[in-house]
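These notes concern the structure reproduced below.
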Amino acid sequence: MCSVRTLLSISVSLSYFCIGLVRGYSAPAVPSMHEVNPGLLPDKNIASWVSSIPPFGAFFGSLVAFPLMHKIGRKYTVMLTSPVWVTSWILIATADHWKVLLMARMLSGFGAGLTLPSAQIYVSECSDPKIRGVIGSLPSLSMSAGILVVYVLGKYLEWRILAWVCCGIACFLFVAVICFPQSPVWLKTKKRYEKAHNSAKWLHLQGFTFDPKAQEIQKAVGNGHAVEKQESPFSKSALFRREVLLPLGIGLALLSIQQLSGIDAVIFFTVEIFRSAGSSMDGHLATIIVGAVQVASNFSSLFVVDRAGRKPLLITSGVIMSLAMASMGGAFHLNSIGNTCFGYLPLVSLIIFMIGFSVGFGSIPFLLMGELFPTAQRSLLSSLAGSFNLAVMFAVIKTYHPLEDAITTSGTFWMYSVLCAIGVIFVIACVPETKGRDLESIHKLFEKRDGTSGGDHVEAAAVPPATTTAASKLGHVNTAMSTADEIVSCDRVDTKL
């Protein structure tokens, strides 16, 4: 039943909730540290590093995620983040020196890097194509909910107690995920066909069958020679193919736009932004309102992502973010010239920005990672894309204050506005629509076909969703897997758990 897959998605999305706790913690915690333990953070520079170091740790975590996802699977990679986070929150809660805080925050980021690609792929591979957009958007909703929860709790709890609460939630993640099966897609790439069939059956994935005789037939017809001669999916020739490089390029570009919109500068420095903008509203209250709007917007996007499509939502999202950042820049400019009559313009601008971000660029780039990347290379590409995304995130956060000094705060937000507009142009020109397609037909979008040149738009190769008749004859009609995925060579890769 669909409810089984939904329950899996909600449980796995708890890992994104924990990422939200990591991302949002510094906003209320750093002011609390200054009030409760004034000497813990000696200067503004150290406080800035404690706030912004998690993406740096997440960069390395995302790199480690690839070999883990490939060797132990998506499920156990997600579960591994639980003890990592528990350790980091304990260190934070008991820290008496800023160096311990810095190390612990970096460790918490490392856990976020492990789960960013693995949780999204795990959810996508265990979802039906008809509702994959809705299910695949749950992680982003969960992340925004985590940010809001830590904002609200941070208003009333001292920073050490807040860390202990986050530690308890991280413990629960391990228990929530342990009862679910491994991804059937991953099991098939490891040639564990019976386990893949049992996993798909448990998840009620339609059309996922196992026929030992069919596997022998498939081996016999594979290009007319033995499949053990097939090259490794991670060889140079396999990786530098059009159908691998194009999806990777699109994924990296979308993730860059997501971060260059300024979203994490807003999340990490919300209270500071409201205070420096001269807003008449209390900074902590405004932060909670912005967080609540983000959660509401992410929830609303669940009902449109599979109806409106990925591409229209990305375009709408980019336009809204561009206008909101322009308005935010205007608010700072008015304040700099002494005009304080704009009242709630900073709050309204950030609310509109969060709405725009949440309906498109907040969730769809991660959803597309699970749809566009070829199954055989998905672990590697997702790990690389996640690391790239986190590196850009770290750069955006660390350059926020230097940009303020160099081009003023209003100029910084106007720069974010221009980058969002450039992102809209990219989506219109380069991003294919994947709504309602099975993964096999999506991957065919990037194959070079007769009569088309390599420089053609990727949608020129679009084909209707592939039928499952031929696949069913081979004992494989699951729309989440192509028949080629079953014969991924493992002769050069250790497949033992």
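Placed from the backbone N, Cα and C atoms, the Cβ positions cover glycine too.
As recorded in TrEMBL, the features of this protein are as follows:
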- 4-435: domain 'Major facilitator superfamily (MFS) profile' (DOMAIN)
- 7-26: transmembrane segment (TRANSMEM)
- 46-69: transmembrane segment (TRANSMEM)
- 76-95: transmembrane segment (TRANSMEM)
- 101-122: transmembrane segment (TRANSMEM)
- 134-153: transmembrane segment (TRANSMEM)
- 159-180: transmembrane segment (TRANSMEM)
- 244-271: transmembrane segment (TRANSMEM)
- 283-305: transmembrane segment (TRANSMEM)
- 312-332: transmembrane segment (TRANSMEM)
- 344-368: transmembrane segment (TRANSMEM)
- 380-401: transmembrane segment (TRANSMEM)
- 413-431: transmembrane segment (TRANSMEM)
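Counting C-beta pairs under 8 angstroms (sequence separation of 6 or more), the transmembrane segment (344-368) fails to reach the transmembrane segment (46-69), with fewer than 3 such pairs. Counted over residue pairs 6 or more apart, the CB atoms of the transmembrane segment (312-332) and the transmembrane segment (159-180) come under 8 Å in fewer than three pairs, which marks the two as apart. The average pLDDT the prediction assigns to the domain 'Major facilitator superfamily (MFS) profile' (4-435) is 82.
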